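Here's the structure, in structure tokens; my notes come after.
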Amino acid sequence: MTSITETDNRFMAAAERLARRGLGRVWPNPAVAALIVQENSEGVPVLVGRGVTSRPGMAHAEVNALTQAGELAKGATCYVTLEPCSHYGRTPPCSLALIEAGVSRVVVGMMDPNPRVSGRGVGMLQDAGIEVVTGVRERALKDLYRGFTYRQRRHRPSVFLKLAVSKDGFIGREGEGQIKISGPISMRMVHGFRAASDAILVGIGTALADDPQLTCRLPGLHARSPVRVVVDRQARLPLMSKLVRTCVDVPVWLVCGNAADADKVNALAAAGVNIIRVPATQTGIDPDVILSALATRGITRLMVEGGARLASSFLNAGLIDDLCVVTGDMEIGEGGIPALHDLDLANVLTDPQFARIGAGYLGADRYTYLRKSGA
């Protein structure tokens, strides 16, 4: 195989940026981007086509890019963030589309993480005489496709926990519902996280106390709101809650125990809530069971937003891959609700299993971003 050039790195970086726009929109498929680059008469590489993964069942990134390039794809180089597929599913193989279009070179960022098909797309291209280069910006792309990889190999989505805490370490005050802790800049960041997630998860305690909507409220991005999932062992979510009243617009899934009251479950289902029944105990639902159920339904990137018990259960189970703590410029004082149920947040922030990959200020708020080592 030929060596990786600076041009390869530059176009793959552009493809990566384009692919990130698809996060949260195309699950269970990965958010892939493809660029078709053709040299002009002076030997300068020129972008002639680009594409991203469409919604499930529609064209993949490579096909969209080839369609835009048209006849200019012949003899061109295709930069694609993930190995082109080699199998017939709801759409024909992308490798075949590249072969039929007459591209002469394919640069792949990351190989398919599914061990059953990894390498087949590249092999199909090579068998057709196409030059293939792999592993371009692979480290960055492994981060991009972590959720897709986890679903393929671990049968669960990647899990991101966001906590907003006061200066004295609380997330709210007993009996007062939602308290505004974060400033406007922090909130824009949080809504950006939501837009890039497939689903957002809260416990029934948070749903009852705060009556949240859990949508993406950035201008123009309401349609990017993730599936809203409530862990509710006894199916107590009120029919008049904001979540239920808006479930036709933005889907709501309720994870409840097999023994949950049938009348309550049926009423929620009739209102449009998607019911997911799973085994449960008197103390709750195992986080592993929750993640398995969500992965089975296609979720690759999960954002956990609360409350304290749910966050602690996922941390105790070792299932948090990324953690962002936003500390607001206010104190709650007496009656404050701790950020975690049975864990000390300060200890979590210094836990050696997490590495700090970002920290700073967002207006008056301070944020810390941690990632589990090896995640």
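Every residue gets a Cβ built from N, Cα and C, even glycine.
The secondary structure of GLU62 (active site, proton donor), as reduced to three states from DSSP, is helical. Over all protein chains present, the Cβ of GLU62 (active site, proton donor) has 32 other Cβ atoms lying within 10 Å. Annotation comment: TrEMBL describes GLU62 as active site, proton donor.
Annotation source TrEMBL lists Zn(2+) binding site at HIS60, CYS85, CYS94. Within 10 Å of the C-beta of CYS94 (Zn(2+) binding site) we count 28 further C-beta atoms, all protein chains included.
The feature NADP(+) binding site is assigned by TrEMBL to ALA164, ASP210, GLY307, ALA308, ARG309, LEU310, ALA311, SER312, SER313. If you take the C-beta of ARG309 (NADP(+) binding site) and look for same-chain residues 6 or more apart in sequence within under 8 angstroms, you find GLY203, GLY205, GLY284, HIS341.
Taken from TrEMBL, the feature substrate binding site covers ARG194, THR206, LEU214, ARG217, GLU305. The Cβ of LEU214 (substrate binding site) lies under 8 Å from the Cβ of ARG194, ILE200, VAL202, SER225, PRO226, ARG228, LEU243, GLU305, each of which sits 6+ residues away along the same chain. DSSP assigns LEU214 (substrate binding site) to coil, not to a helix or a strand.
Taken from TrEMBL, the feature domain 'CMP/dCMP-type deaminase' applies to 6-133.
The Cα of SER313 (NADP(+) binding site) lies closest to that of THR206, out of the recorded positions HIS60, GLU62, CYS85, CYS94, THR206. Sequence-distant neighbours of ARG217 (substrate binding site) (same chain, 6+ residues apart, CB-CB distance under 8 A): HIS191. The recorded positions close to THR206 (substrate binding site), defined as a CA atom within 10 A of its CA, are GLY307 out of HIS60, GLU62, CYS85, ALA164, GLY307, ALA311. Over the domain 'CMP/dCMP-type deaminase' (6-133) the predicted model carries a mean pLDDT of 93. Packing around ARG194 (substrate binding site) is summarised by its Cβ count: 24 other Cβ atoms lie within 10 angstroms of its Cβ, all protein chains included.
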